[in-house]
Amino acid sequence: MNKGWLELESDPGLFTLLVEDFGVKGVQVEEIYDLQSKCQSPVYGFIFLFKWIEERRSRRKVSTLVDETSVIDDDIVNDMFFAHQLIPNSCATHALLSVLLNCSGVELGMTLSRMKAFTKGFNPESKGYAIGNAPELAKAHNSHARPEPRHLPEKQNGISAVRTMEAFHFVSYVPIKDRLFELDGLKAYPIDHGPWGEDEEWTDKARRVIMERIGLATAGEPYHDIRFNLMAVVPDRRIKYESKLDILKRNRQIILEGLQQIREKKVIRMTQQESGQDRKQQDSSSSEDTPPVVKKEEVQETPIPSGAEQATPTEAQEGAASLPSPAGKVRSMAKPALPAGGAPPPAPLPAPSTNTIVQRLPAFLDNHNYAKSPMQEEEDLAAGVGRSRPPQPPYSDDEDDYDDEEEECSTAGVTNSRVRRKLGLRTRTMSRTAVGGVAAMEGQLALSVLAEKLKKEVQRKDALATTGSTPLNVRTEGRTGGISITSACQPSPTPSNESTDTASEIGSAFNSPLRSPARSQATTRPSSPVASHVGRVLFGEEEGLPRLDARHNRAVRDLGVLVSSTQLQLQEDGVIFALPPTEALEGLKKVGGVDKKKKEEASGPGGEEEVKEGPSVEMKAEDVKESVDVKPEKENLPTTDVENSTKPPGEKYTPKELLALLKYVEADIANYEVYLKEEVEKRKKYKIDDQRRTHNYDEFICTFISMLAQEGMLASLVEQNISVRRRQGVSIGRLHKQRKPDRRKRSRPYKAKRQ
């Protein structure tokens, strides 16, 4: 076995496939392109390739002395896996085994497990012989090597002896017992580079040592222009991305269940309101014989909940006019009360400009300038309507329908219209007219139309199958037409490119030119089709999904850091929390690629995170180290994130905050699906390159030549090529050799004839 080991190329795909052939699972090899940037943890070890020049090689052979960095203690050397390289061209396998067999927590497989158990306590020379006499390792090694060219005997005379002595050599850098060791099979002992700092990782010290070695950090290295390559042995990215996708999809289902729970509470409240309206309609129909004056007194004597002002009949009529429909929308038109005699009301006179009710955007969008069209601005200026909005009360399930979806119809002469509107919503003073019944019928019709539109849109998206989102099953329940949302939450095959600004699809003011250019040009987050559908069901199609800015990102601040590593929990009272496992806080220290991009996108100018919408984040193939995977750095995280993430009780969030968290989860799912797809495609490319590298083309060449001979074309081709070479060679030789002799021969006879 001492002969026949072939040279291996320094290629991460080759080493990854070699690790798989050894039987190791959950490990891959990646190439490091930049020594200045921080490496993503965890890293099992580094494999460093450099050019082994004759001068250096001779010096190493002569220099058998031990320097101060060499470890000569036999107990320490024999305790680690350090083997002398006794076979030529086996340095690649030696470097890989030095990393794998000195690392705990790696599933080695049967071959390497037996090797590690057999060589335990051996000296470096005995371990080197054990590697050389392992046929499994030699077979796996040579299966990924390029076939050596067969040199003809006459061609070997021109090869320089100096050039044959130049070669490349692999060494490994491994952390062992909190110290950095350099394991070189051509050295007698391991090299101890010492411990690393408290505030750094072992990879930081290894990068410094490698930079000093190749002459980047110091100018004393004579071979500063040496060719080198650096590879890292890291965990398999596919397993990591699959586990994160599994957790994210479970958390998406939990958030959808929380939204469904809120929706069911809304349906129950609307059912109670409908039953109360029906009861009052029956009471009003049975008491039609009573004089109108008595009814007016009953209206005035209706009890009002404690803590509220006494409403006048006019205020009660205004409040009743804004009764919510079953779809959850506030109706802005009010019907005047009939006179006592039952006569039709007089024709309405044009109201002065101070009392004009301007049709406005919903309350949660009205104070945003970018959500208004220029025509809306002109109407506001003409009507004298201010943009200021009083602060919102804390979230409550009872106030959900009124605080989130109440329409702001302010007038210049009335300052407490919102208070009167809430009083009108809660007192239910309409006992005489059929306004409640008409509103209920209109609400049922609007809700049925909304349900039909949602069903058609879901069917259309399922037929196209281009968004890759999970379809929502929408059905109506009961006589009130409540909507139930269910989702299968299956993995989407491709990330969605659909815009989450659902209002832009129905022609609202979201595409207003007043939106600032900075927000338009900012990097946006991937779309969330599931959140889009849920937003339409919860808030109505006309209002659209609200832009989830800093006011609605409380759930993202609390749970966004842990949503990809910890499963969320939902209680019966609607409280959502994340159990803080040990790996959740450890994940905060791990920095890297993708999640860092997300946090940079989601952080506003003031440091506040902001969930944005738009197409998927673009990926670069070089970023697919988990620096590819990009987690936020610990120092960049707000302190409230860590504090809130460790709170076991959890919090209760509004529907808009849950939608913001749902969009965040959908964005993570889309990104990790892209990363997983890239890793799978990378493995396929590794196998294709390996087949091209190791393929023996001799059989194909022999078959092709035999086919040419059978067709009678081989002789003519050979004769044609040989004749061309002879003609070119002979003509050139004669021109150079016969010029001077011809001149001499011709000159002598010419002179003789003249004489």
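Every residue, even glycine, has its Cβ placed from backbone N, Cα and C.
Quick look at what Swiss-Prot lists:
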- C91: active site, nucleophile (ACT_SITE)
- H169: active site, proton donor (ACT_SITE)
- 342-351: compositional bias 'Pro residues' (COMPBIAS)
- 396-409: compositional bias 'Acidic residues' (COMPBIAS)
- 483-530: compositional bias 'Polar residues' (COMPBIAS)
- 593-602: compositional bias 'Basic and acidic residues' (COMPBIAS)
- 612-636: compositional bias 'Basic and acidic residues' (COMPBIAS)
- 637-647: compositional bias 'Polar residues' (COMPBIAS)
- 4-235: domain 'UCH catalytic' (DOMAIN)
- 270-354: region 'Disordered' (REGION)
- 368-415: region 'Disordered' (REGION)
- 469-535: region 'Disordered' (REGION)
- 593-652: region 'Disordered' (REGION)
- 729-755: region 'Disordered' (REGION)
- D184: site 'Important for enzyme activity' (SITE)
Any idea what DSSP makes of the residue listed as 'active site, nucleophile', helix, strand or coil?
helix
Just to confirm my parser: what is the rounded mean pLDDT across the domain 'UCH catalytic' (4-235)?
81
DSSP on D184 (site 'Important for enzyme activity'), three-state: which is it?
coil
Close in space, distant in sequence - the residue listed as 'active site, nucleophile', Cβ under 8 Å, 6 or more apart:
Q85, H169, F170, V171, G185, L186
In the three-state scheme derived from DSSP, which category covers H169 (active site, proton donor)?
strand
